[in-house]
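**Student:** One structure coming up, written as structure tokens, with questions to follow.
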Amino acid sequence: MGTHARKKASLLLLVLATVALVSSPGWSFAQGTPATFGPIFEEQPIGLLFPEESAEDQVTLACRARASPPATYRWKMNGTDMNLEPGSRHQLMGGNLVIMSPTKTQDAGVYQCLASNPVGTVVSKEAVLRFGFLQEFSKEERDPVKTHEGWGVMLPCNPPAHYPGLSYRWLLNEFPNFIPTDGRHFVSQTTGNLYIARTNASDLGNYSCLATSHMDFSTKSVFSKFAQLNLAAEDPRLFAPSIKARFPPETYALVGQQVTLECFAFGNPVPRIKWRKVDGSLSPQWATAEPTLQIPSVSFEDEGTYECEAENSKGRDTVQGRIIVQAQPEWLKVISDTEADIGSNLRWGCAAAGKPRPMVRWLRNGEPLASQNRVEVLAGDLRFSKLSLEDSGMYQCVAENKHGTIYASAELAVQALAPDFRQNPVRRLIPAARGGEISILCQPRAAPKATILWSKGTEILGNSTRVTVTSDGTLIIRNISRSDEGKYTCFAENFMGKANSTGILSVRDATKITLAPSSADINVGDNLTLQCHASHDPTMDLTFTWTLDDFPIDFDKPGGHYRRASAKETIGDLTILNAHVRHGGKYTCMAQTVVDGTSKEATVLVRGPPGPPGGVVVRDIGDTTVQLSWSRGFDNHSPIAKYTLQARTPPSGKWKQVRTNPVNIEGNAETAQVLGLMPWMDYEFRVSASNILGTGEPSGPSSKIRTKEAVPSVAPSGLSGGGGAPGELIINWTPVSREYQNGDGFGYLLSFRRQGSSSWQTARVPGADAQYFVYGNDSIQPYTPFEVKIRSYNRRGDGPESLTALVYSAEEEPRVAPAKVWAKGSSSSEMNVSWEPVLQDMNGILLGYEIRYWKAGDNEAAADRVRTAGLDTSARVTGLNPNTKYHVTVRAYNRAGTGPASPSADAMTVKPPPRRPPGNISWTFSSSSLSLKWDPVVPLRNESTVTGYKMLYQNDLHPTPTLHLTSKNWIEIPVPEDIGHALVQIRTTGPGGDGIPAEVHIVRNGGTSMMVESAAARPAHPGPAFSCMVILMLAGYQKL
């Protein structure tokens, strides 16, 4: 080849190398130069719902991508490139698309953003721009709705044209008097119609439907014309439920969406709503008695058939429908940025889940990719043969079904590089152990892959019994000796060029274990030490590591069972503390330096309680028995002696041991019969094994089963009753809990008769939750005794009957008023009232008396009331006004109410006590007593007389106060010599009660010295307050 030709070839190689370097992600010619990479979306457009009547004059669809060099943007609408010329209604601001003055006819559609730079192009996910609207209701008057009182009724909403869906409320007569959502009223959020299960007089009026549209940044509401509801008066009749608001036979939903099923029925009494899942169990968190069943975030487990049941005492009605759950595409496997050598093969794959199953297609730089030449497209697989530089670019895997489309993006960079050791040279210093083995890596960066040669000094190395060069270029030297020391060089070459890198091999003494661990056999809870000692090259550090069944042991785990020796570098003993069964296995001690290592093994056997049995299977299911079988678990090196069976039910959730046949289950058994179960009950079972070392962990629970149905085996309890309206017999009982119902179609059978009668009447009350029955008959006299019995039933038959209970019909108010009522004021705020008792009559059980009292001149309707707790014939009434005349009446009462009033009596409360405390207090102090004196308190004309004074005394030695009474205006109080502090209160007393106190504080300072402070309590009304303080320093006493 001539000089000119060689220069031309060299230049071509340089150009190729330059192209390859530039095409490589992350490559830069100088430190700090930004890497080149394709667009990566940081913000993609999302769908918008734009109100047609919005005051906003533009819509913005966001798009932003990170790229180097920075990306440029363009947009597609409905798959066609958009004209984004300056001055048009569609403007590009950065990557965002701004639509000016949007209209439905011109701008509704599907939008996509495309981001490009020299590396390639990527396409965003689709964003749909929709336009929402809500028209006004018709201006025509609505026809009145007529029905009979007690019947059910539906008022149609007939909403105007709209998009998207609406929410609904109803007004009664005026805004904002909204119809409540209760068991009797229901507003369908599907149709907007208002349903009333059973009408009554309170429902009369004018009704208007309020429809509200919620859009992305706007809310609008419209009202319908009022429609009048008229009710024809009629004695309400009882009728069975009839479901009027029904959910459809099929409801489709996407995973994660909220699903709402509506169900509402007419009926009298108002029906109870109950939901269940026909082909599975309804999650407890969705269980409800409301007219709507809401699943906030539906999943595939929620798919199935659902039933709504409306039930009252006259019958039941049901409706069924199926929820079908589907899903948008979701990635299971995606592609990632890839660097590949020129001329190599590449396979990319992506996979997506969804329902229906998503279809997968591929894009390259935003354009569809099909099989051609070296590229093969097979659904989720993309395969390249003999990659070339033009295969570099941005690729996208697209998965789509009818519910949505998802995109996964990645950059493919095809490289052509001469060998280069700058990033990964051969290790400069390579220590190795004598007699051991060393692997020296040779990993230059090169594309295509370089050919590797090794040399020691000037000698080229080939494969031999001790030396091997692997296919990836690694040099392996075995059975190392001192003669192997020296320089080793790796030579790498491909069609782009060549390079080499050198390292120096240094040979060291080998590591040896001098005391190996020994195998051992221990019980659970024992401690054990495994010894491990080693020798090593003194110029290097030695470390010990331990593994159990080839997994490293974590010595730093809090509360762990392992400890290791740390006294000497050559000792690596392992101690096992409080051994468990899981600590048995193969222990390996490894002694290592940076150049070599060696290991020894020992087996530790830990005997313990058995492991959990497996595969618990339930078969031969009866009403009270099942047959269990299981497989043996590990005996943990000690024979299994017996098995224990347990069961749990949903009501309790607690595991309980069950009776079995045989009673004692031996260790070689793998089946047993369970006895004494409850019929029609969900059960799970588990099995535990025991040996001489204890009982092991139980098995996992069996699959849940339900025992067969049987007739009820217990009678309802808590049979009682009473109360209600005249002519009624109310019978109450405690509902039978789920575990005693024994079957579906559960209810109650009542038998009752008047006491002394020979014939029984019966009534059937459906529903397990029922807890009362009302029997009405105008011929029933007040407080008539009835004999009552109850039993439960299910679809298998009737259960046992309860004992007979005596229940009384409704009471009526007492018919006789108390006589000889007497009342007299006893203080300024109290009066005493007495009367003659009322004889018990046949209307009911007399509970006590009600006293009504009101001020003279007031209306009796404003009277205050107080009741006695029993049959006392006198009472004290408190909280009265002083010097006030009161009228008083007394009535007898029972559970039905109060009887007629007695003739009224009058009482006058006493004038109030003086509102001034005793004043001008003086005292004389001796070694053991304190004499106090004060000015007499003279009452005013509107105050009661003073008959004496009350003295309250308390000191710090005896915190319980002592009360003293005196008719004089002085008193002598004992004062112990060793007191530190005392408190005295003085107040008036008389017919009007006690007055306001004055206080005296006594503090001893030392010896016979003391400080006395008197303070008059502040009056209740505004007025002056007086206090004075005097210090006594005399050995005897001082008169103030």
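Cβ from N, Cα, C; glycine included.
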**Student:** Mind checking which of Cys63, Cys157 has the disulfide with Cys113 in Swiss-Prot?
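**Tutor:** As annotated by Swiss-Prot, the paired cysteine is Cys63.
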**Student:** So which range, 463-489, 895-921, gets flagged region 'Disordered' in Swiss-Prot?
**Tutor:** 895-921
**Student:** Can you tell which of Cys263, Cys397 is bonded to Cys350 by a disulfide, based on Swiss-Prot?
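**Tutor:** Of the listed candidates, Swiss-Prot names Cys397 as the partner.
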**Student:** Can you dig through Swiss-Prot and tell me which residue of Asn78, Asn636 is labelled N-linked glycosylation site?
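**Tutor:** Residue annotated N-linked glycosylation site in Swiss-Prot: Asn78.
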**Student:** Can you tell me how many other Cβ atoms are located within 10 Å of the Cβ belonging to Asn479 (N-linked glycosylation site)?
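**Tutor:** Summing over all protein chains shown, Asn479 (N-linked glycosylation site) has 11 other Cβ atoms within 10 Å.
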**Student:** Looking only at C-alpha atoms, tell me how far Asn463 (N-linked glycosylation site) is from Asn527 (N-linked glycosylation site), rounded to the nearest Å.
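**Tutor:** On Cα coordinates alone, these residues lie 51 Å apart.
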**Student:** List the Cα distance (Å, whole number) between Asn777 (N-linked glycosylation site) and Asn206 (N-linked glycosylation site).
**Tutor:** 37
**Student:** Applying a 10 Å Cβ distance cut-off over all chains shown, what neighbour count does Asn777 (N-linked glycosylation site) have?
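**Tutor:** Asn777 (N-linked glycosylation site) is surrounded by 10 other Cβ atoms within 10 Å.
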**Student:** Note down the number of other Cβ atoms within 10 Å of the Cβ of Asn78 (N-linked glycosylation site), including every protein chain shown.
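**Tutor:** Cβ-Cβ neighbours of Asn78 (N-linked glycosylation site) within 10 Å number 10.
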**Student:** Are there any residues in the same chain, six or more apart in sequence, whose C-beta is under 8 angstroms from the C-beta of Asn500 (N-linked glycosylation site), and if so which?
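**Tutor:** In sequence order, Phe421, Thr489, Cys490, Phe491, Ala492 meet the Cβ cut-off.
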**Student:** May I ask for the distance between Asn479 (N-linked glycosylation site) and Asn942 (N-linked glycosylation site), taken between their Cα atoms and rounded to an integer number of Å?
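**Tutor:** Asn479 (N-linked glycosylation site) to Asn942 (N-linked glycosylation site), Cα-Cα distance: 124 Å.
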**Student:** Within 10 Å of Asn78 (N-linked glycosylation site) by C-alpha distance: pick out those among the glycosylation sites Asn200, Asn206, Asn527, Asn832, Asn920, Asn942, and say none if nothing qualifies.
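**Tutor:** Candidates kept after distance check: none.
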